[in-house]
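Engineer: The structure's right below; bear with me while I get my questions together.
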Amino acid sequence: MNRTESFTGETLQVVRGARSGVPIAVAIHSTARGPAIGGCRIKPYRSWRDGVDDALRLSEAMTMKCALAGLPYGGGKTVAALPAEGLDPVRRPEVIADIAEAIAALGGRYRTGPDIGSTSEDMAEIHRRAHGWAFCRPEAQGGSGTSSAATARGVVAALRAGVAPGSVAGLRVGVIGFGSVGRLVCQSLLERGAKVVVTDVDAGLRPAAERLGAIWTTEDLVREPLDVLVPAATGGVLTAESAAACGASLIVGPANNQLAAEEVATVLRDRGITWIPDVVASAGGIIHAVGREELGMDGKAANAKIDAIGETVDAVLSRARERGLTTVRAARELVALA
Ligand SMILES: NC(=O)c1ccc[n+]([C@@H]2O[C@H](COP(=O)([O-])OP(=O)(O)OC[C@H]3O[C@@H](n4cnc5c(N)ncnc54)[C@H](O)[C@@H]3O)[C@@H](O)[C@H]2O)c1
(Lines of atoms letter the chains of each structure in order from A and count residues from 1; the text may use other names and numbers.)
(Lines give C-alpha, C1' and ligand atoms only; values in the text may rest on other atoms or scores of the structure.)
Protein backbone atom coordinates (compact mmCIF):
# COMPACT_ATOMS: atom_id res chain seq x y z
CA MET A 1 0.00 0.00 0.00
CA ASN A 2 1.25 3.46 -0.79
CA ARG A 3 1.19 5.27 2.56
CA THR A 4 0.72 8.69 0.96
CA GLU A 5 -2.78 7.50 -0.05
CA SER A 6 -3.80 6.92 3.57
CA PHE A 7 -2.30 9.91 5.28
CA THR A 8 -3.14 9.77 8.98
CA GLY A 9 -0.68 12.41 10.11
CA GLU A 10 -1.04 16.11 10.82
CA THR A 11 1.42 17.82 8.51
CA LEU A 12 3.56 16.80 5.60
CA GLN A 13 5.97 19.44 4.41
CA VAL A 14 8.09 18.77 1.34
CA VAL A 15 10.49 21.42 0.12
CA ARG A 16 13.24 21.48 -2.46
CA GLY A 17 16.29 22.69 -0.55
CA ALA A 18 17.09 26.22 -1.73
CA ARG A 19 20.85 25.63 -1.56
CA SER A 20 21.21 21.91 -2.34
CA GLY A 21 18.19 21.23 -4.54
CA VAL A 22 17.60 18.09 -2.43
CA PRO A 23 13.93 17.27 -1.64
CA ILE A 24 13.38 17.42 2.13
CA ALA A 25 10.29 15.88 3.70
CA VAL A 26 9.30 16.63 7.28
CA ALA A 27 6.32 14.56 8.43
CA ILE A 28 4.54 15.45 11.65
CA HIS A 29 2.34 12.51 12.54
CA SER A 30 0.98 13.80 15.84
CA THR A 31 1.41 16.65 18.29
CA ALA A 32 -1.47 15.47 20.51
CA ARG A 33 0.89 14.63 23.40
CA GLY A 34 3.44 17.40 22.74
CA PRO A 35 5.87 18.55 20.04
CA ALA A 36 6.67 15.91 17.44
CA ILE A 37 10.14 14.38 17.60
CA GLY A 38 11.97 12.02 15.28
CA GLY A 39 15.32 11.57 13.60
CA CYS A 40 16.75 13.08 10.47
CA ARG A 41 17.46 10.53 7.74
CA ILE A 42 19.79 11.56 4.91
CA LYS A 43 20.22 8.91 2.26
CA PRO A 44 19.86 8.21 -1.44
CA TYR A 45 16.44 7.16 -2.71
CA ARG A 46 15.39 5.83 -6.09
CA SER A 47 12.66 8.48 -6.09
CA TRP A 48 12.00 11.37 -3.69
CA ARG A 49 8.51 9.90 -3.25
CA ASP A 50 10.10 6.87 -1.56
CA GLY A 51 11.69 9.32 0.87
CA VAL A 52 8.28 10.85 1.58
CA ASP A 53 6.88 7.37 2.20
CA ASP A 54 9.72 6.67 4.64
CA ALA A 55 9.06 9.95 6.48
CA LEU A 56 5.35 9.13 6.83
CA ARG A 57 5.92 5.57 8.03
CA LEU A 58 8.68 6.47 10.46
CA SER A 59 6.82 9.48 11.89
CA GLU A 60 3.87 7.24 12.77
CA ALA A 61 6.20 4.80 14.51
CA MET A 62 7.64 7.70 16.51
CA THR A 63 4.17 8.60 17.79
CA MET A 64 3.81 5.05 19.10
CA LYS A 65 7.34 5.03 20.51
CA CYS A 66 6.81 8.25 22.49
CA ALA A 67 3.38 7.24 23.78
CA LEU A 68 4.54 3.78 24.89
CA ALA A 69 7.60 5.30 26.59
CA GLY A 70 5.33 7.74 28.45
CA LEU A 71 7.01 10.80 26.91
CA PRO A 72 5.13 14.10 26.40
CA TYR A 73 5.92 14.17 22.67
CA GLY A 74 4.43 13.09 19.38
CA GLY A 75 5.98 11.56 16.30
CA GLY A 76 7.74 13.18 13.38
CA LYS A 77 10.53 12.46 10.92
CA THR A 78 12.79 14.27 8.48
CA VAL A 79 14.00 12.66 5.29
CA ALA A 80 16.45 14.34 2.94
CA ALA A 81 16.09 12.26 -0.23
CA LEU A 82 19.48 12.35 -1.93
CA PRO A 83 19.66 11.37 -5.60
CA ALA A 84 20.09 7.63 -6.17
CA GLU A 85 23.70 8.19 -7.28
CA GLY A 86 24.47 10.05 -4.02
CA LEU A 87 25.61 13.62 -3.48
CA ASP A 88 29.02 15.23 -3.76
CA PRO A 89 30.18 15.41 -0.08
CA VAL A 90 31.23 19.02 -0.69
CA ARG A 91 27.52 19.87 -0.92
CA ARG A 92 26.56 18.20 2.37
CA PRO A 93 26.65 21.44 4.42
CA GLU A 94 24.05 22.86 2.01
CA VAL A 95 21.77 19.90 2.75
CA ILE A 96 22.14 20.42 6.51
CA ALA A 97 21.37 24.15 6.15
CA ASP A 98 18.31 23.33 4.03
CA ILE A 99 17.10 20.80 6.61
CA ALA A 100 17.51 23.39 9.38
CA GLU A 101 15.48 25.88 7.37
CA ALA A 102 12.71 23.33 6.80
CA ILE A 103 12.57 22.55 10.53
CA ALA A 104 12.66 26.23 11.53
CA ALA A 105 9.66 26.87 9.26
CA LEU A 106 7.55 24.52 11.42
CA GLY A 107 7.77 26.89 14.37
CA GLY A 108 8.78 24.34 17.03
CA ARG A 109 6.07 21.77 16.32
CA TYR A 110 8.87 19.34 15.41
CA ARG A 111 12.39 18.67 16.76
CA THR A 112 14.90 16.35 15.21
CA GLY A 113 17.80 14.09 16.17
CA PRO A 114 20.38 11.85 14.47
CA ASP A 115 19.30 8.93 12.29
CA ILE A 116 20.78 7.08 9.32
CA GLY A 117 23.13 9.49 7.52
CA SER A 118 23.16 12.24 10.16
CA THR A 119 25.42 12.84 13.15
CA SER A 120 25.62 14.66 16.47
CA GLU A 121 27.70 17.33 14.71
CA ASP A 122 24.89 17.83 12.17
CA MET A 123 22.50 18.27 15.10
CA ALA A 124 24.75 21.01 16.48
CA GLU A 125 24.46 22.87 13.18
CA ILE A 126 20.67 22.37 12.97
CA HIS A 127 20.36 23.42 16.63
CA ARG A 128 22.26 26.63 15.81
CA ARG A 129 20.22 27.44 12.71
CA ALA A 130 16.76 26.24 13.83
CA HIS A 131 16.13 27.82 17.23
CA GLY A 132 17.53 24.86 19.19
CA TRP A 133 15.12 22.30 17.72
CA ALA A 134 17.61 19.43 17.53
CA PHE A 135 18.66 16.81 20.09
CA CYS A 136 21.89 14.88 20.63
CA ARG A 137 24.49 17.56 19.93
CA PRO A 138 27.93 16.49 21.17
CA GLU A 139 28.16 16.72 24.97
CA ALA A 140 31.01 19.26 24.62
CA GLN A 141 28.49 21.52 22.88
CA GLY A 142 25.81 21.16 25.53
CA GLY A 143 23.86 18.25 24.05
CA SER A 144 23.24 14.71 25.31
CA GLY A 145 25.63 13.18 22.76
CA THR A 146 25.17 9.81 21.13
CA SER A 147 22.17 7.76 22.19
CA SER A 148 23.58 4.31 21.37
CA ALA A 149 24.35 3.31 24.98
CA ALA A 150 20.86 4.34 26.11
CA THR A 151 19.26 2.45 23.22
CA ALA A 152 21.29 -0.65 24.10
CA ARG A 153 20.28 -0.35 27.75
CA GLY A 154 16.61 -0.23 26.73
CA VAL A 155 16.99 -3.29 24.49
CA VAL A 156 18.52 -5.27 27.34
CA ALA A 157 15.70 -4.14 29.68
CA ALA A 158 13.14 -5.29 27.08
CA LEU A 159 14.96 -8.59 26.54
CA ARG A 160 15.12 -9.33 30.26
CA ALA A 161 11.39 -8.69 30.56
CA GLY A 162 10.74 -10.97 27.60
CA VAL A 163 12.58 -14.01 28.94
CA ALA A 164 10.94 -15.92 31.75
CA PRO A 165 12.01 -16.07 34.53
CA GLY A 166 14.12 -13.05 33.60
CA SER A 167 17.69 -14.32 33.68
CA VAL A 168 19.73 -14.27 30.51
CA ALA A 169 22.58 -16.42 31.89
CA GLY A 170 23.08 -19.47 29.67
CA LEU A 171 20.71 -18.29 26.94
CA ARG A 172 21.82 -18.59 23.32
CA VAL A 173 21.35 -15.14 21.78
CA GLY A 174 21.92 -14.23 18.14
CA VAL A 175 22.65 -10.59 17.30
CA ILE A 176 22.31 -9.34 13.72
CA GLY A 177 24.44 -6.20 13.34
CA PHE A 178 27.57 -5.41 15.33
CA GLY A 179 27.17 -1.62 15.00
CA SER A 180 27.07 1.03 17.68
CA VAL A 181 24.00 -0.42 19.44
CA GLY A 182 24.52 -4.11 18.58
CA ARG A 183 28.02 -4.24 20.06
CA LEU A 184 26.84 -2.72 23.35
CA VAL A 185 23.96 -5.20 23.54
CA CYS A 186 26.45 -8.04 22.90
CA GLN A 187 28.72 -6.75 25.65
CA SER A 188 25.93 -6.43 28.19
CA LEU A 189 24.56 -9.91 27.42
CA LEU A 190 27.99 -11.51 27.59
CA GLU A 191 28.56 -9.84 30.96
CA ARG A 192 25.27 -11.39 32.10
CA GLY A 193 26.39 -14.88 31.09
CA ALA A 194 24.59 -15.31 27.76
CA LYS A 195 26.18 -17.20 24.85
CA VAL A 196 26.22 -14.63 22.06
CA VAL A 197 26.49 -15.39 18.34
CA VAL A 198 26.86 -12.36 16.10
CA THR A 199 26.79 -11.60 12.39
CA ASP A 200 27.43 -8.44 10.37
CA VAL A 201 27.81 -7.73 6.67
CA ASP A 202 31.06 -5.97 7.59
CA ALA A 203 33.47 -8.87 8.13
CA GLY A 204 36.07 -6.39 9.39
CA LEU A 205 34.13 -6.27 12.68
CA ARG A 206 34.85 -9.93 13.44
CA PRO A 207 38.00 -9.38 15.57
CA ALA A 208 36.23 -6.82 17.76
CA ALA A 209 33.27 -9.18 18.28
CA GLU A 210 35.56 -12.08 19.15
CA ARG A 211 37.58 -9.92 21.56
CA LEU A 212 34.33 -9.35 23.48
CA GLY A 213 33.76 -13.10 23.67
CA ALA A 214 31.03 -13.41 21.02
CA ILE A 215 30.99 -16.17 18.39
CA TRP A 216 31.10 -14.82 14.83
CA THR A 217 28.94 -16.46 12.18
CA THR A 218 28.06 -15.91 8.54
CA GLU A 219 24.91 -18.04 8.85
CA ASP A 220 21.45 -16.46 8.59
CA LEU A 221 20.70 -16.03 12.30
CA VAL A 222 16.95 -15.70 11.68
CA ARG A 223 16.89 -19.41 10.82
CA GLU A 224 19.21 -20.60 13.60
CA PRO A 225 17.86 -22.29 16.75
CA LEU A 226 18.14 -19.55 19.37
CA ASP A 227 16.54 -18.52 22.63
CA VAL A 228 16.64 -14.87 21.56
CA LEU A 229 17.17 -13.11 18.23
CA VAL A 230 18.28 -9.47 18.37
CA PRO A 231 17.80 -7.55 15.07
CA ALA A 232 20.26 -4.67 15.37
CA ALA A 233 20.96 -3.86 11.72
CA THR A 234 18.40 -2.79 9.14
CA GLY A 235 14.60 -2.94 9.06
CA GLY A 236 12.44 -5.48 7.22
CA VAL A 237 14.35 -8.51 8.55
CA LEU A 238 11.11 -10.33 9.40
CA THR A 239 9.18 -11.31 6.27
CA ALA A 240 6.42 -13.92 6.02
CA GLU A 241 9.07 -16.39 4.77
CA SER A 242 11.74 -15.65 7.37
CA ALA A 243 9.13 -15.65 10.17
CA ALA A 244 7.94 -19.09 9.00
CA ALA A 245 11.54 -20.37 9.23
CA CYS A 246 12.56 -18.45 12.34
CA GLY A 247 14.28 -20.59 14.96
CA ALA A 248 14.12 -18.17 17.93
CA SER A 249 11.63 -18.17 20.80
CA LEU A 250 11.91 -14.42 21.45
CA ILE A 251 12.77 -11.56 19.07
CA VAL A 252 13.75 -8.20 20.50
CA GLY A 253 16.11 -5.59 19.14
CA PRO A 254 16.69 -1.95 18.25
CA ALA A 255 16.32 -2.12 14.46
CA ASN A 256 13.46 0.09 13.32
CA ASN A 257 10.58 -1.44 11.33
CA GLN A 258 11.62 -5.06 11.76
CA LEU A 259 8.40 -6.41 10.27
CA ALA A 260 8.30 -6.23 6.47
CA ALA A 261 4.49 -6.09 6.85
CA GLU A 262 2.20 -6.06 9.88
CA GLU A 263 0.77 -9.48 8.94
CA VAL A 264 4.15 -11.01 9.80
CA ALA A 265 3.27 -10.45 13.45
CA THR A 266 0.44 -12.97 13.02
CA VAL A 267 2.81 -15.59 11.61
CA LEU A 268 5.09 -15.09 14.62
CA ARG A 269 2.22 -15.26 17.12
CA ASP A 270 0.80 -18.40 15.52
CA ARG A 271 4.22 -20.05 15.72
CA GLY A 272 4.52 -19.19 19.42
CA ILE A 273 7.38 -16.76 18.81
CA THR A 274 7.28 -13.67 21.03
CA TRP A 275 8.13 -10.50 19.10
CA ILE A 276 8.65 -7.38 21.16
CA PRO A 277 7.70 -4.42 18.95
CA ASP A 278 10.69 -2.29 18.01
CA VAL A 279 8.79 0.86 19.01
CA VAL A 280 8.96 -0.47 22.58
CA ALA A 281 12.46 -1.99 22.60
CA SER A 282 14.29 0.86 20.87
CA ALA A 283 12.99 3.77 22.95
CA GLY A 284 16.04 4.08 25.24
CA GLY A 285 17.82 6.57 22.99
CA ILE A 286 14.94 8.99 22.69
CA ILE A 287 14.20 8.75 26.43
CA HIS A 288 17.83 9.66 27.13
CA ALA A 289 17.87 12.56 24.65
CA VAL A 290 14.68 14.33 25.69
CA GLY A 291 15.08 13.32 29.33
CA ARG A 292 18.51 14.95 29.59
CA GLU A 293 17.93 17.90 27.29
CA GLU A 294 14.33 18.94 27.92
CA LEU A 295 12.72 17.07 30.81
CA GLY A 296 15.30 17.95 33.48
CA MET A 297 16.37 14.35 34.19
CA ASP A 298 19.82 13.53 35.49
CA GLY A 299 21.57 10.37 34.31
CA LYS A 300 20.07 8.27 37.10
CA ALA A 301 16.50 9.36 36.39
CA ALA A 302 16.94 8.83 32.65
CA ASN A 303 18.33 5.32 33.24
CA ALA A 304 15.41 4.48 35.53
CA LYS A 305 12.96 5.54 32.82
CA ILE A 306 14.88 3.49 30.25
CA ASP A 307 14.79 0.44 32.54
CA ALA A 308 11.02 0.93 32.85
CA ILE A 309 10.81 -0.23 29.21
CA GLY A 310 10.72 -3.65 30.89
CA GLU A 311 7.37 -2.75 32.48
CA THR A 312 6.01 -1.64 29.11
CA VAL A 313 7.07 -4.99 27.67
CA ASP A 314 5.20 -6.74 30.50
CA ALA A 315 2.09 -4.69 29.71
CA VAL A 316 2.26 -5.41 25.96
CA LEU A 317 2.87 -9.14 26.43
CA SER A 318 0.11 -9.53 29.05
CA ARG A 319 -2.41 -7.72 26.88
CA ALA A 320 -1.43 -9.79 23.83
CA ARG A 321 -1.69 -13.03 25.83
CA GLU A 322 -4.98 -12.22 27.56
CA ARG A 323 -6.74 -11.06 24.39
CA GLY A 324 -5.08 -13.38 21.87
CA LEU A 325 -3.64 -10.39 19.99
CA THR A 326 -0.41 -9.93 18.14
CA THR A 327 2.06 -7.84 20.10
CA VAL A 328 1.72 -5.05 17.49
CA ARG A 329 -2.02 -4.92 18.03
CA ALA A 330 -1.58 -4.98 21.81
CA ALA A 331 0.93 -2.12 21.59
CA ARG A 332 -1.48 -0.10 19.41
CA GLU A 333 -4.25 -0.62 21.96
CA LEU A 334 -1.96 0.59 24.76
CA VAL A 335 -1.13 3.69 22.70
CA ALA A 336 -4.86 4.41 22.31
CA LEU A 337 -5.27 4.15 26.10
CA ALA A 338 -2.16 6.27 26.90
N1 LIG B 1 21.58 4.34 17.55
C2 LIG B 1 20.44 4.48 18.23
O3 LIG B 1 20.38 5.10 19.31
C4 LIG B 1 19.18 3.84 17.70
C5 LIG B 1 17.95 4.18 18.28
C6 LIG B 1 16.78 3.56 17.83
C7 LIG B 1 16.87 2.64 16.78
N8 LIG B 1 18.07 2.36 16.21
C9 LIG B 1 18.11 1.39 15.11
O10 LIG B 1 18.91 0.27 15.52
C11 LIG B 1 19.62 -0.26 14.40
C12 LIG B 1 21.11 -0.25 14.71
O13 LIG B 1 21.51 1.09 14.98
P14 LIG B 1 23.06 1.48 15.10
O15 LIG B 1 23.10 2.88 15.55
O16 LIG B 1 23.79 0.42 15.84
O17 LIG B 1 23.49 1.42 13.56
P18 LIG B 1 24.95 1.17 12.98
O19 LIG B 1 24.91 1.70 11.59
O20 LIG B 1 26.01 1.65 13.92
O21 LIG B 1 25.07 -0.44 12.95
C22 LIG B 1 24.36 -1.24 12.07
C23 LIG B 1 25.25 -2.45 11.76
O24 LIG B 1 24.48 -3.37 10.99
C25 LIG B 1 25.31 -3.89 9.97
N26 LIG B 1 24.44 -4.39 8.91
C27 LIG B 1 23.79 -3.68 7.95
N28 LIG B 1 23.05 -4.50 7.20
C29 LIG B 1 23.24 -5.74 7.69
C30 LIG B 1 22.73 -7.02 7.35
N31 LIG B 1 21.89 -7.17 6.32
N32 LIG B 1 23.13 -8.09 8.08
C33 LIG B 1 23.99 -7.95 9.10
N34 LIG B 1 24.50 -6.76 9.48
C35 LIG B 1 24.13 -5.68 8.79
C36 LIG B 1 26.21 -2.75 9.57
O37 LIG B 1 27.39 -3.21 8.94
C38 LIG B 1 26.48 -2.11 10.94
O39 LIG B 1 27.64 -2.67 11.55
C40 LIG B 1 19.21 0.61 13.19
O41 LIG B 1 18.10 0.00 12.57
C42 LIG B 1 18.77 1.90 13.84
O43 LIG B 1 17.84 2.60 13.03
C44 LIG B 1 19.22 2.92 16.66
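A Cβ is built for glycine as well, from the same backbone N, Cα and C atoms used for every other residue.
Per TrEMBL, active site, proton donor/acceptor is recorded for Lys77. Sequence annotations record features per position, and here TrEMBL assigns NAD(+) binding site to Gly177, Phe178, Gly179, Ser180, Val181, Gly182.
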Engineer: Using the centroid of the Cβ atoms of Gly177, Phe178, Gly179, Ser180, Val181, Gly182 as reference, list every other same-chain residue with Cβ within 8 Å of it (recorded NAD(+) site), in sequence order.
Structural biologist: Ser148, Val175, Arg183, Leu184, Val185, Asp200, Ala232, Ala233, Pro254
Engineer: For the binding-site residues listed here (Gly177, Gly179, Gly182), which one has the lowest count of neighbouring CB atoms within 10 Å of its own CB?
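Structural biologist: Least crowded of the binding-site residues Gly177, Gly179, Gly182, by Cβ count within 10 Å, is Gly179.
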Engineer: Do you know offhand how many angstrom separate Gly182 (NAD(+) binding site) and the residue listed as 'active site, proton donor/acceptor' by C-alpha?
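Structural biologist: Roughly 23 Å, rounded to the nearest whole number.
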Engineer: Taking only the Cα atoms, work out how far Gly177 (NAD(+) binding site) lies from Lys77 (active site, proton donor/acceptor), in Å, as a whole number.
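Structural biologist: Here the two Cα atoms lie 23 Å apart.
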Engineer: Within 10 Å of its Cβ, which one of these binding-site residues (Phe178, Ser180, Val181) has the largest number of other Cβ atoms?
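Structural biologist: Of the binding-site residues Phe178, Ser180, Val181, the most buried by Cβ count within 10 Å is Val181.
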Engineer: Return only the integer: C-alpha distance in Å from Phe178 (NAD(+) binding site) to Lys77 (active site, proton donor/acceptor).
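Structural biologist: About 25 Å separate the Cα atoms of these two residues.
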Engineer: Long-range neighbours only, meaning 6 or more apart in sequence with Cβ under 8 Å: which ones does the residue listed as 'active site, proton donor/acceptor' have?
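Structural biologist: Expected: Ala25, Val26, Ala27, His29, Gly38, Gly39, Arg41, Asp54, Ala55, Leu56, Leu58, Ser59, Met62, Asp115.
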